[in-house]
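K.L.:
The active site, proton acceptor annotation in TrEMBL covers E421. As annotated by TrEMBL, FAD binding site applies to T139, G178. Taken from TrEMBL, the feature domain 'Acyl-coenzyme A oxidase N-terminal' applies to 15-133. According to TrEMBL, the domain 'Acyl-CoA oxidase C-alpha1' annotation covers 275-436. What TrEMBL lists as domain 'Acyl-CoA oxidase C-terminal' is 479-657.
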Amino acid sequence: MNPDLRKEREAATFNTELLTHILDGGSERTRRRREIESLVIGDPDFCHEDANFLSRSERYEAAVKKSALMIMKMREYGISDPDEIYYYKCIANGSHPEAIGLHFVMFLPTLKSLCTPAQMDKWLPLALSFQVIGTYAQTEMGHGTHIRALETTATFDPATQEFVLNSPTVSSIKWWPGGLGKTSNHAIVLAQLYTQGQCHGLHAFIVPIRAMGTHEPLPGVVVGDIGPKFGFDEIDNGFLKLENVRIPRENMLMKYAKVEPDGRYIKPPSDKLTYGTMVFIRSMVVGESAKAISKACTIAIRYSTVRRQSELRPGEPEPQILDYQTQQFKLLPLLATAYAFHFVGQYMRQTYLRITGDINLGDFSELPELHALSAGLKAFTTWVASAGIEVCRMSCGGHGYSHCSSLPGIYVNFTPTCTYEGENTVMMLQTARYLLKSYTQASAGQKVSGMVSYLNEMSQQRLQPQQVSARSTSVNLKDLSSLVEAYKIRASKLVELAAKSLQTELQLMKTKEDAWNHCSIDLVRASDAHCHFVIVKLFCSKLAEVEDTAVHSALYSLAHLYALHGVYQNTGDFLQAGLLTVPQLTQVTQQLKELLSQIRPNSVALVDAFDYRDEMLNSVLGRYDGNVYDNMFEWARKSPLNQTEVHNSFYKYLKPLQSKL
Ligand SMILES: CCCCCCCC/C=C\CCCCCCCCCCCCCCCC(=O)SCCNC(=O)CCNC(=O)[C@H](O)C(C)(C)COP(=O)(O)OP(=O)(O)OC[C@H]1O[C@@H](n2cnc3c(N)ncnc32)[C@H](O)[C@@H]1OP(=O)(O)O
Ligand SMILES: Cc1cc2nc3c(=O)[nH]c(=O)nc-3n(C[C@H](O)[C@H](O)[C@H](O)COP(=O)(O)OP(=O)(O)OC[C@H]3O[C@@H](n4cnc5c(N)ncnc54)[C@H](O)[C@@H]3O)c2cc1C
């Protein structure tokens with residue numbers, strides 16, 4: 001064990017294990033998670049070559065092999081609970097995406113949410129036994145965001161009781177679906193439904209694309225891989241062109257919308273139910289943001305205590321780089337963010353399960369809140385985490401740029417979350433739509449509920465003007481509950497500002513849509529402030545559940561840092577809302593510095609509490625034992641370029657060049 005890391009751990013003021021239990025949701029869950037993780041770590045079948053040294057094709061093959069192995073092993077161990085499957089996969093996949101991930105995260109959930117009982121009886125056993133391997137094919141070359149404009153058609157032919165699927169243009173070719181290129185034999189295809197000469201909008205269809213058994217593309221199906229990308233090397237994101245592909249009527253997912261044998265169309269209770277799987281993934285991605293940023297922080301913080309550089313005091317040994325205030329300022333707010341997102345991820349997951357439970361019972365009343373919250377929090381957390389991973393990488397200096405740190409891999413595999421499952425700006429605008437609707441309702445005296453209920457207070461204040469002395473004064477920077485209140489007021493002011501901006505634009509005789517576009521910066525800003533408030537509030541509420549005083553105190557400092565750092569980054573908003581005064585600005589920095597000093601001694605324990613095994617981080621810089629340099633040398637020696645002392649290119653190009661000049 002590196003002595004610096006040992007000292008850090010010995011100096012921690014709280015019991016790391018207790019905090020791990022809180023993160024997991026109880027000691028029993030920690031025990032079971034570790035038990036499952038050990039099944040992977042102790043398994044020689046999962047000891048494989050470092051993926052960094054493989055070609056893309058080799059990486060894809062290794063990932064498919066791993067997926068197949070995981071399925072077999074989980075069956076053998078009787079692991080079937082979704083959370084347990086998730087633990088197992090997290091350790092086996094590390095920071096890499098899973099080759100048949102789309103089958104699990106989108107194909108199966110779409111079947112579960114949109115199949116009739118009869119369809120479920122047919123497709124679920126096939127999908128669970130992997131006779132059917134599926135993907136989710138929605139995005140086309142021409143449209144990803146504006147899905148109402150998708151061009152793929154599914155036309156009902158009552159004579160044969162079939163739908164005929166077509167990609168009528170080049171831009172309508174399905175593009176991007178994961179696992180489509182080579183792995184899947186079926187796709188859930190989102191297409192415009194035509195029946196009795198009328199278009200009824202987007203609906204989901206199960207389309208066989210490859211023959212079961214031979215895996216050859218079926219007639220009329222043109223399918224393949226879209227080529228190398230920024231990351232996602234393990235995934236065969238694919239294209240799909242459909243040329244008069246016929247599927248039985250029963251292959252339209254008909255839990256809500258239906259086409260009768262005579263071609264009559266039966267409307268669903270809400271046309272947004274087709275979008276359910278996207279809401280599911282957005283809700284779950286919030287927790288993925290926490291995971292990505294907590295891994296990056298673990299690597300960067302452990303390395304920053306092992307790495308010694310430069311001179312702090314003349315004549316003294318080089319300090320640990322984490323002792324530089326600037327290094328703390330880069331990393332500790334991100335550590336606080338990781339904790340905040342973890343708790344928000346848990347909340348989002350519970351909220352998703354609760355509201356979809358109600359939806360399954362026919363109560364759709366909270367669907368708009370779920371959509372707005374999942375869209376906004378998905379965008380907010382993935383943006384912050386993505387930028388944060390880059391900060392972590394750069395905070396490791398040159399070694400952060402090496403794949404041995406794992407940070408480049410974490411970044412390239414995480415950053416597409418800002419784009420997929422709804423491009424982030426577009427998602428923020430969806431949240432804004434809900435905020436403005438809620439604002440209008442609250443302004444009209446109607447009560448709004450859920451996370452936007454603070455808008456009721458704003459309208460009450462307008463109806464009953466308060467005495468000057470009773471109005472909100474500036475924030476108390478040392479008090480977390482005062483900061484939560486400040487975030488709430490900031491959010492309500494920015495929602496109001498966006499609403500007024502929209503009204504102004506509307507008065508300029510623009511169309512509603514033009515007016516919306518002309519104030520969309522204000523709208524995104526309002527959504528951002530709303531999400532920020534939700535996160536600060538949820539982090540703060542979590543503290544009330546923590547009984548152990550030492551752990552509570554460590555978490556309180558983190559929550560305080562998270563909230564205060566947000567004020568520092570958005571001083572303009574807080575000044576504009578009258579929540580902060582100019583003289584307070586220096587206090588914000590002063591208070592931040594105090595918090596950095598308070599958290600610094602616990603920083604290693606705080607990342608240890610995430611409990612990532614080395615096998616999961618796969619980072620030389622982030623090793624638990626801190627033995628970075630020996631292992632970095634060993635890792636580099638494995639580079640394929642080092643397989644021979646003299647590389648082929650010397651004989652082919654350099655030697656002839658030397659002989660010519
Ligand atoms: C089965 C459940 C099991 C539960 C088990 C739980 C336990 C699990 C444990 C572990 C699981 C771990 C899972 C981990 C998952 C990690 C994921 C990581 C890997 C994932 C890899 C994924 C790859 C990516 C896949 C994709 O990208 S698929 C393609 C995604 N595409 C998009 O997202 C497109 C974005 N565009 C849109 O969504 C829409 O076009 C739009 C922008 C929203 C606009 O839509 P539209 O034009 O139709 O609407 P508007 O006119 O703008 O609005 C009309 C009204 O409708 C409302 N609206 C819009 N969308 C929705 C919605 N989805 N739901 C509800 N309401 C919606 C809108 O607000 C408007 O309302 P109004 O009242 O204002 O009129
Ligand atoms: C790694 C990866 C995996 C994917 N996997 C799948 C999959 O499995 N299945 C699938 O169907 N799809 C998948 N996708 C596609 C993905 O869902 C889309 O790329 C995504 O929805 C964004 O759509 P787009 O590419 O059309 O972006 P665009 O909409 O073209 O976005 C480009 C820019 O335009 C802006 N913009 C667009 N519309 C608006 C608006 N209304 N207001 C303001 N700004 C706007 C955006 O903010 C953005 O800055 C995947 C993508 C990636 C990168």
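Cβ coordinates come from backbone N, Cα and C, glycine included.
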K.L.:
Using C-alpha atoms only, work out the spacing between E421 (active site, proton acceptor) and T139 (FAD binding site) and round it to an integer in Å.
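P.N.:
For E421 (active site, proton acceptor) versus T139 (FAD binding site), the Cα atoms are 10 Å apart.
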K.L.:
Under 8 Å Cβ-Cβ from T139 (FAD binding site), six or more apart in the same chain: what's there?
P.N.:
K174, W175, W176, P177
K.L.:
Could you give me the DSSP helix, strand and coil counts for the domain 'Acyl-coenzyme A oxidase N-terminal' (15-133)?
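P.N.:
Taking each residue of the domain 'Acyl-coenzyme A oxidase N-terminal' (15-133) in turn, the totals are 90 helix, 0 strand, 29 coil.
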K.L.:
Write out the long-range same-chain contacts of G178 (FAD binding site), meaning residues 6 or more apart in sequence whose Cβ is under 8 Å from its Cβ.
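P.N.:
Expected: P97, G101, L102, T135, Y136, F232, I235, D236, N237, G238.
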K.L.:
Within the domain 'Acyl-coenzyme A oxidase N-terminal' (15-133) only, compute the mean pLDDT.
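P.N.:
In the predicted model, the domain 'Acyl-coenzyme A oxidase N-terminal' (15-133) has a mean pLDDT of 94.
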